[in-house]
Structure formats: structure tokens, C-alpha cells
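Chemist: Pasting a structure below so you can have a look.
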Amino acid sequence: MEPPNASYKELKEAFVSNLNGTNVSEIAILLTILPAGDLCRGLLGLFWAGSASAGVAFVRDFLLLVLPYTLSTTVLAPHISTVLVVLLAAAVTLTGLLLLLWRSLKCRRKAETASATADAENVSDKAGQHLFLSEEGHVRCLTQFRAYTNLLTIVCILAVDFRAFPRRFAKTEIHGTGLMDLGVGTFVLSNALVSPEARNVLSDKRGARSVTKQLLAVWPLLLLGLVRLASIKGMDYQEHVTEYGLHWNFFFTLAFVRVMSVLVSACGVRRYWVAAVLLAVSYELALHNLGLKSLVLLGWDGRGGRNDLLSANREGIASVCGYLALYISGVHIGSYLHRVSHSCLGLRDCVLVVLTMLSGVTMLWVALLFCRSGVDNVSRRLANLAFVLWSLAQSILFISTAMLFDLLLVGVTRLVGGGHAASVPQVDDGMPVHKDSRELARRTGWSDVAGAETAGGTSGKVAGGADGGGKLSTPPPPKHCLLAAINRNQLFFFLICNLCTGLVNVCTDTLAASDLKATMTMTLYLLTVTLITFVLHLRQVTLKCW
């Protein structure tokens, strides 16, 4: 309910306040649209004999990755199930066309059958490795998840200011499950999955030195938090105070979580899942048995007052405990995926990993069901146990879906490649490479991303430096892939999206915009930020100052 005679700032603040969210199944369907579009993109890429031009690749990626999700959160929000069905039907159709093409070419390539069979057998033992790892040895599903999370975030941060964006997708006030609530959780997890702890970087002989480096690496997050605080207060920009507090923001949360996670690891903790469970349960007990919940929601005076610095930022400070539990859980999951991805040597191993992930998802959903009915409902504001369970369950389901679609794609690629193109092995850095991995690398484009930025601001070197084995290699030409472009400059991508969001809000009355205007504005905004990021990627520019 918008207050009468309110200022424009107050109207915008009321527009995103006192919301209750939607059901978890709708969010699960909505998130599946991203990997489904990626599957269609990969299948469509198999029709190109060689790599598509940069312009064609960008248009393809924008139409299949960005646009379906954007429309599903705005004008097509009532029909998200239909959007998903259309994408899956398109994937089935493309698969059928590829198989027909394979059969038509099979008769003309009988002379190459022996060579193709030998080549397929040569790759059979490494199929899992090609599926789960990029050419540089990075876990493919984690890189995909991080790129998906960035897309999810940058769409929502502007769309939420338009009436075309359903209020049920926005952040909830106290309890509930909104799409943007999950976005916060997935962002924390995406950093944890590739953190130094998950990659076992902090366990070397230079542990103290490495820990110090990681602690100092949070300064960009603290700086961004201060800049955001100063800009919001200086411009009198709308803010949702009950989200984190009067001065606190998500950058401060990320910084403090990163510092505390490094300290936890430095203390010798190795069973991260045990630490995560103990922390989440202890925090939940404090919320209910020690009165912390009422303190966070109502303040010291019981009326929601914010009379001192601690009380003014109580939501942000208290929720760090929940986000830390979520982060440590992500470290455990990331450690598992890094370990099994390097040991998978066949499709059977890959299927086993996916089934293990889905088993974990099932247990988390069951735990969430009991938690919501017997303890407390999901609350992003408190970052309580239910929120941690929901974020984990949905994120692991998200990752498992991407892995499953990769299995389907590699199956189609091997089948089609085994009939013709795969008969001629190609060479990359002196090693024979099967058509499967070539197509998968071209589909995802991860092979030119030598590292992934973490919450602490660390990243791998730009291609052309030392590779994973310590060898110097010639920088390969950048793959024409939007997701790879986003992963190359994640922080810059996020910052430029925030700047564009602020610019749109200053120049446009988003509350008065029609659905058509909102959709056109969103499309132009996304086209601009993705194109800038894509061009930087093509020029192999990595913007990083720490």
C-alpha cells in the first residue's frame, strides 16, 4: 500500500517494502530457464562447421540466455512454465535435426568409420573430464553457475523498480521466498564455491602468508560498500532500510563473511559441513531462545528504533552469521566438486556425481520442509536456518540441472561427432582433442577464462601466463561466448550494471512506465552492459586493480 501524499522517494521505497514472496517451485522453474537456454545454445552451436562470428555468437547468446529469462521476469511472468517448455521443446527439436543430419552423412562416411571408432574410444575414458572440466582444468558447472548468478542479479536489480516485475519476485520484508532473496544467497555461494578454501589453496606451507593475503584482499569490497553508502546518502537515493540497516549494505556482508571464513580455515577446520551445521543451528537457537529475533526485528526499544550505530545496522550485523554458515557450506560443496571433477574418467562417474548431488538436494528439501513447519519460515532478513537450507537446496539443484544438461549435450555431441567430424582429431597445444571437447569448449567458452574471481577479489591470471601445469602458453583467441565474457570481468560487469540501474532510476519514472516501456528499457539496458562486457572479452581485457 503506497502512502498518500508521499514523495517520489517514499513511493519507491514503499514499492519494494512489505512483500511476502512466492512459492519455491515457481522460483525453481524460473531458474531452470537459464540452463535450458544454454542447452539450446549448445545444440545450435553444433550446426556450425566452424566457430560462429563474434556478432552472430553475441546475438545467439543474448537471444537464448538473456532474453528468455528477462521476459520471464516481466511480461511473461504469468507464463514461465510455457517459456521453459518451449525451450526444452526447442532442445528436443534441435537434437532430432542433428540426429537426422548425422544419419544422412553416415552413409557417405563409411570409409572413415574405423578412424572415427578409434578416436571415440580414445576419448571414451576422458569423457567425464571433458564434461566437468574446461581445457584449463576449471570446473565447468561452477563457472556456469557463477555466470548464471550474475545474469540473475543484474536483471533483477533494475527490473524490480518497474511494475512489470511481479512483486512476488522481489525481496520479502520478514519471511517468505522471493527470487531476489535467493539471488543474495546464490551470490554468496558462487563466491564460496571457487574460494581458496574450496580449492585447498590455503593449506600450503605458506599458510600464514596466504591467509594474510586473503584478508587484505577484501579491501575492494569494503571500498565499494563505502562508495555505495556515500552515494546513496549523498544523492538521497531510495533505500530499503530494513534490508540490511541504515548504513550497512551487501558489500560489507561479503567482506565480513570473507574475513571470517578465512579465519575459520586458518584455525584448522577441515570438515566444513560440520562447522556450517553447528554455526547455522547455534544461530537459529540464538534467534529463538535468546531473543535475538525480536531484537533484530524490533530493535532495543521494541518499536524498531535505530538510535545507535549497532541498532541502526542490526539486520546486516546479525545476518552475517547465517551468511557465514551458507558460505562455509558452499566451501564444502565446492571442495567436493573440485575433487570429483578431476577424478571423473567416464560417463558412469559423471552420472554418479549428478545422482549424488540430486540426493543431497532431496535431503535439503526434506530438511527445509521440516524446518519451515516446525521451526521458522525462510527469512532473508534474518538469514536463518530455513534461508540457508533453501539457498543450498535451490543452488545445488541449479548446478545439478546444468550438469545434467551437459551430460545430454555431450551425449548428442559424441553421437553426431562419432559419425563424421570426430573422425579427424584436432590438435591443441600438442594434444589430440576430440570433436566432443571442441564443441563443448566452443559452447561454453570457458577455455579462455584462466581463473575465477572470488569474493575476496582474487582471480587467476589472464590466458597467456603460466597454465595450471606451470607451462607458458600462447594466448588462445577468445571464445565467442557471453558467459565467458561475464566471467572474465565479473566485478566490472556487476558495477557497470549498478551504475546503469542508478542512471535509469534517475532519468526515468519507473513506477509510471508501462509494461512495454519497461521491457524495452530492460532490453536496452541488458544489451548495453552485455555488449560492453563482450567487447572487452574479445579484446582480452581483464579489468582488475588488486
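Every residue, even glycine, has its Cβ placed from backbone N, Cα and C.
What TrEMBL shows for this protein is this:
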type: COMPBIAS; residues: 457-471; note: compositional bias 'Gly residues'
type: REGION; residues: 450-471; note: region 'Disordered'
type: TRANSMEM; residues: 43-67; note: transmembrane segment
type: TRANSMEM; residues: 79-102; note: transmembrane segment
type: TRANSMEM; residues: 215-234; note: transmembrane segment
type: TRANSMEM; residues: 246-266; note: transmembrane segment
type: TRANSMEM; residues: 273-296; note: transmembrane segment
type: TRANSMEM; residues: 316-338; note: transmembrane segment
type: TRANSMEM; residues: 350-370; note: transmembrane segment
type: TRANSMEM; residues: 382-405; note: transmembrane segment
type: TRANSMEM; residues: 491-512; note: transmembrane segment
type: TRANSMEM; residues: 518-538; note: transmembrane segment
Chemist: The transmembrane segment (273-296) and the transmembrane segment (518-538): do they have three or more Cβ pairs under 8 Å, with pairs 6 or more apart in sequence?
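Modeler: Checked: the transmembrane segment (518-538) vs the transmembrane segment (273-296), no contact.
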Chemist: For the transmembrane segment (382-405), give me same-chain residues lying six or more residues beyond its boundaries with a C-beta closer than 8 angstroms to one of its C-beta atoms, as numbers and ranges.
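Modeler: Distant contacts of the transmembrane segment (382-405): 24, 27-28, 31-32, 35-36, 38-39, 132, 141-142, 144-145, 148, 174, 177, 181-182, 185-186, 188-189, 276, 280-281, 283-284, 287, 293, 296-297, 315, 318-323, 325-326, 329-330, 333, 337, 350, 353-354, 357-358, 360-361, 364-365, 367-368, 371-372, 375-376.
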Chemist: For the transmembrane segment (246-266), give me same-chain residues lying six or more residues beyond its boundaries with a C-beta closer than 8 angstroms to one of its C-beta atoms, as numbers and ranges.
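Modeler: Hits for the transmembrane segment (246-266): 184, 187-188, 191-192, 195-197, 202, 207-208, 211, 214-215, 217-218, 221-222, 224-225, 228-229, 275, 306, 309, 312-313, 315-317, 319-320, 323-324, 327-328, 331, 455-456.
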Chemist: Are there residues at least 6 beyond the ends of the transmembrane segment (273-296) whose Cβ is under 8 Å from a Cβ of it, and what are they?
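Modeler: For the transmembrane segment (273-296), the nonlocal Cβ contacts are 264, 302, 314-315, 318, 321-322, 324-326, 328-329, 332, 375-376, 381-382, 384-385, 388.
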